[in-house]
Structure formats: C-alpha cells, structure tokens
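For reference, the structure discussed in these notes is given below.
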Amino acid sequence: MVLTFPLLSEPDVERARELLEGAPWVDGRATAGDQAAQAKRNEQVPGDAPAARELQALVLRALERSPRFLAAALPKRVFPPAFNRYADEANHYGPHVDGAVRFAEGGQRVRTDLSCTVFLCAPESYDGGELVIHDGTASQSVKLPAGHAVLYPGTSVHEVRPVTRGSRLASFFWVESMVRGEERRRLLLELDDALTALRQLHGESAETVSLMGTYHNLLRMWADT
Ligand SMILES: O=C(O)CCC(=O)C(=O)O
Ligand SMILES: [Fe+2]
C-alpha cells in the first residue's frame, strides 16, 4: 500500500529549508549498500550535523502528532530521519531495494517494514524527481507538495527519477511496525477508517464500540511491542 498524507506545517517546511541551506552535504553513497551505491547519485546531510539533529526532532515531533501516520504505520521504532538533495550531477537514485535492517547510532536496529519520504520543495520548483515505487507489476509515481509524506512498503523496488531543473530536498526514513506484514497493517487501517466514517455518520453506538473492540483485539493479537 502506498499512502500519502500532509505531515509538516508551512513554518516547519520553511525552517527545514533554511537549515538545509546552511547544512554540510556529502555524497549519498556513504550510507548505501553495494547494490544501492551503484544506483545512487545524490547528496545527504551527515546524521550528526547540528542541522540534521534539529530537523530529526522536527520530523519526529510531526510524526507523533500525525493520526494518519500512526494508524497506517503502527510504529514500533523510527529510524532517525535523514535528509537528501537531488540536483545537478547528483540528481537521481536508480532502482534499488532498501536493506532489511538499518543500524542507527547507539547500535539500535530498525527492521525496514515501511519506507517514508517527506517532500520539502514545491513540485513546481523542480523538474523530475518523482519517487517511483514498483510493486509487483504496478508502478506508482509520486511527487508531492512541500510538507507531504509518502509511506510505502519497505519491500518494494523504488527509484528517484533524475531532477533536470532546480533541486529536490526531502527527508527519508524507515519504520519498524508493531505489526509485521503489509496485509495485516492494511486490514487494520481499513477497519480503523471504516469505523471513523461510521462514527461520523451515526455517532457512537453499541456497534461502533463492538467494532472498536474487534480492532483492538486484532491489534493485541498481532502487535509485537
Ligand atoms: O529520496 C527519496 O525519496 C528516497 C530515497 C531512498 O530511496 C533511499 O535513500 O533509500
Ligand atoms: Fe530507498
């Protein structure tokens, strides 16, 4: 499932762009595995740079307050958000898969059940730069307004198309979910969404309480906390 949703406020996006303008940038290949490094031509901010630290906190705060993210990802651990730029010669990331387990600073391991990109530039300000997610036989091309996020299966082959004008700034990170398995997460999200819609239509009732119980009992059965 590929899900898009607004995440960062306008002031957050502005602050992010301001910090990234003055941040140090290094070759993105430094953090890629062998296959991905061959496909990767972008730049990233080192994770320990002060700008990255402030921005990580900004993105994590927004994630904690996003009902859509919480309902879809059912997060157990979030890898510290990283920041990338595609422009000029370092302008694309060819088809690749993300490593199944990422090692964060301090030795924490995060299984990459879900991948997320938060777009930080207005789509009109650059050409190209679509994130293309290949899911079996179907492909989905995603280019979102500044501050919007896309959450997609960590299992997918994906790529960032060349940026041919301007530059594309983004935050990207991975999420280990409490619920293992895309299908289970999708069922829970569908149930959650249907329940919210039912409540809006008819208010709370014995039936919505009962369905709410079913949701939590499924989550209790599947969650690994
Ligand atoms: O820039 C993006 O949207 C995705 C980055 C990516 O796929 C990666 O760093 O593994
Ligand atoms: Fe990737």
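Placed from the backbone N, Cα and C atoms, the Cβ positions cover glycine too.
So that you can see what the record holds, here are the features copied from TrEMBL:
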DOMAIN    77-177  domain 'Fe2OG dioxygenase'
BINDING   His96, Asp98, His158  Fe cation binding site
BINDING   Arg168  2-oxoglutarate binding site
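Within the set of binding-site residues (His96, His158, Arg168), the lowest number of other Cβ atoms found within 10 Å of a Cβ is recorded at His96.
Reported as a whole number, the C-alpha separation between the residue listed as '2-oxoglutarate binding site' and His96 (Fe cation binding site) equals 19 Å. Remark: secondary structure over the domain 'Fe2OG dioxygenase' (77-177) totals 6 helix, 61 strand, 34 coil, with classes taken from DSSP. Within the model, the domain 'Fe2OG dioxygenase' (77-177) shows a mean pLDDT value of 96, rounded to a whole number.
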